[in-house]
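Working notes for the structure below.
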Amino acid sequence: MTRTGTTGNDRNSFIYVVAALAALNGLLFGFDTGVISGAMLYIRNTFELATVFGYSMNASLIEGIIVSGAMIGAIIGAALGGRLADRLGRRRLILVGAVVFFVGSLIMAIAPTVEILIVGRIVDGIGVGFASVVGPLYISEISPPKIRGSLVSLNQLTITSGILIAYLVNFAFAGGGEWRWMLGLGMVPAAVLFVGMLFMPESPRWLYEHGRESDAREVLASTRVETQVEDELREIKETIHTESGTLRDLFEPWVRPMLIVGVGLAVFQQVTGINTVMYYAPTILESTGFANTASILATVGIGVVNVTMTVAAVLLIDRTGRRPLLLLGLAGMSVMLAVLGIAFYLPGLSGAIGWIATGSLMLYVAFFAIGLGPVFWLLISEIYPTEIRGTAMGVVTVVNWAGNLLVSLTFLRLIDIVGQTGTFWLYGALSVLALLFCYRLVPETKGRSLEEIEADLRETAFGADAGERPQVTKTDD
Ligand code: BGC
């Protein structure tokens, strides 16, 4: 599966091919996130939403089950995916995930009943759950340290691109109400990912951990310049033990601080409200005085801002480091949420105030896209030891999907109870908390190999004062 005997230039460009292809995992994730709101408008007209599996329910509850089915699937997929990535290997799990996602999309596209549609959503979600863990994990382990941040963040770039493509697909198929096409189109990136991954190598770190040193060397040789191969392999040998870790190892004293960081970031990435915008943007925009179609178009605008600022993050993240982007992003999100709350507080949302609300919504997304969006997925692929990296990422990703589900189920109800101003201020207050959390606890990982990060964490835990920020912050370039 690996390419050998290539020239120096080839080697550098091959790593970009590997990362770009693996980043299609993010496209599945993003497409799934963005497509359902548009499709739902027409699913209503195809099925009589009155009973599910023999139980009578009201239509909005059934719609809720269809929408959240994928998130429940993603929770299951992430819970299984971490462990499977450690057992089966990263590459093989990507292949499995692509097949599962493909089958889920197919089931949805041809679903004769609402029950089968729900089953399709859950299957599709399981594929997304696998993809969300293994995409960043695989890219992180196969990348050279100096460009690891950019390459892993390609996965967030494809998440945001997937959301934007889904908005455009919704727009394109809306006239005819062709929801089966909208959902079925997910089969295309899944098929490309599957075929492409057949030709990609396994992660060198996973190979070494499973006793396949010469295969690991071969992969490094095909993705690095020649002079780096033996150094990196030596570092891997010094750090990685050849027996897999277990869930219990996550609670080892030296891993625990990073478990807190990962879980904290996962919670904050969701409870600061990003997916209320991803799922409900047209609804929010309509209340700022936009007409129906204008609000759908402005939603596309939000998708474009999300992609553009993620491109900025990809370009910057290995230069500025992770912490500056994270802290700047969270500070910006806090301010924008405060402004948004004020705009909804003032009487009469039309005219200038409507524009302020729309502008602050866009800037809020921009600040997420340059910070918490990509940095969360990157950091959780960097801060855990190789033996339990998959398992640890699985746990953290489950928390992220559970937070996603919680926020999307409670958003409309929260608006009923505390109003729009109260809701955005609540997300704003949580963003301030997130800022303090990250300032205090999140380490810098820029430019360091995964093995150096691991060594630093051991040293900090066993050598530094409790409560001190992990000293991975030192950069030696
Ligand atoms: C988050 C998703 C979100 C997306 C928006 C991702 O990093 O995990 O929940 O929908 O960013 O761009």
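Just so you know, glycine gets a Cβ as well, placed from its N, Cα and C.
Curation plays no part in TrEMBL annotations; they are all automatic predictions.
On a predicted model such as this, the values are computed, not experimentally measured, just so you know.
As annotated by TrEMBL, transmembrane segment applies to 14-41 (among others).
Packing against the transmembrane segment (61-81) from elsewhere in the chain are residues 32, 36-37, 40, 43-44, 49-50, 52, 93, 97, 100, 104, 114, 117-118, 121-134, 279, 390, 394, 397-398, 400-402, 404-405, 408-409: each is 6 or more residues past its ends and has a CB under 8 Å from a CB in it. What TrEMBL records for 61-81 (among others) is transmembrane segment.
TrEMBL lists 93-112 (among others) with the feature transmembrane segment.
The transmembrane segment annotation in TrEMBL covers 118-139 (among others). Listed as Cβ neighbours of the transmembrane segment (118-139) (distance under 8 Å, sequence separation of 6 or more from its ends, same chain) are residues 18-19, 22-23, 25-26, 28-29, 32, 36, 52, 65-66, 69-82, 84-85, 90-91, 93-94, 96-109, 111, 148, 151-152, 154-155, 183, 186, 190, 203, 377-378, 380-381, 389-390, 393-394, 397, 400-401.
Within the chain, the transmembrane segment (151-173) has long-range Cβ neighbours (under 8 A, six or more residues past its boundaries) at 15-16, 19-20, 22-35, 37-39, 135-136, 139-140, 143, 179, 181-182, 185, 189, 278, 296, 299-300, 303-304, 306-307, 310-311, 313-314, 317, 369, 373-374, 377-378, 381-382. What TrEMBL records for 151-173 (among others) is transmembrane segment.
Outside the transmembrane segment (179-200), and at least 6 residues removed from its termini, the chain residues within Cβ reach (under 8 Å) are 1, 18, 21-22, 24-25, 27-28, 31-32, 35-36, 38-43, 46, 91, 94-95, 98-99, 101-102, 104-106, 108-110, 120, 124, 127, 162, 166, 169-170, 173. If you look up TrEMBL, you'll see 179-200 (among others) marked as transmembrane segment.
Within its own chain, the transmembrane segment (258-281) is flanked in space by residues 33-34, 37, 67, 163, 250-251, 295, 298-299, 302, 330, 333, 337, 361, 364-365, 368, 372-373, 375-376, 379-380, 383-384, 392-393, 395-397, 399-400, 403-404, 406-408, 411-412, 423-424, 427, 430-431, 433-434, 437-438, 441-443, 457, 470, which lie at least six positions past its ends and keep a Cβ under 8 Å from the stretch. Residues annotated as transmembrane segment in TrEMBL: 258-281 (among others).
Residues of the same chain lying 6 or more positions beyond the ends of the transmembrane segment (293-317) and with a Cβ under 8 Å from any Cβ of it are 34, 149-150, 153-154, 156-157, 160-161, 163-164, 167-168, 170-171, 277, 281-282, 285-286, 325, 358, 361-362, 365-371, 373-375, 378, 446. As annotated by TrEMBL, transmembrane segment applies to 293-317 (among others).
Annotation source TrEMBL lists transmembrane segment at 324-346 (among others).
For the transmembrane segment (352-380), the list of distant contacts is 136, 140, 148-149, 152-153, 155-157, 159-160, 261-262, 265-266, 268-269, 272, 274, 277, 281, 284-285, 288-290, 298, 301-302, 305-310, 312-314, 316-317, 322, 325-333, 336-337, 339-340, 343-344, 346, 392-393, 396-397, 400, 434, 442, 445: same-chain residues at least six beyond its ends, Cβ to Cβ under 8 Å. Positions annotated as transmembrane segment by TrEMBL: 352-380 (among others).
What TrEMBL records for 392-412 (among others) is transmembrane segment.
What TrEMBL records for 424-442 (among others) is transmembrane segment. Listed as Cβ neighbours of the transmembrane segment (424-442) (distance under 8 Å, sequence separation of 6 or more from its ends, same chain) are residues 257, 260-261, 264-265, 268, 271-273, 276, 322-323, 326-327, 330-331, 333-334, 337-338, 340-341, 344, 372, 379, 414, 418, 469-470.
Sequence-distant contacts of the transmembrane segment (324-346) (same chain, six or more residues past either end, CB-CB distance under 8 Å): 272-273, 287-288, 313, 316-317, 353-354, 356-357, 360-361, 363-364, 366-375, 419-422, 424-425, 427-428, 431-432, 434-435, 438-439, 442.
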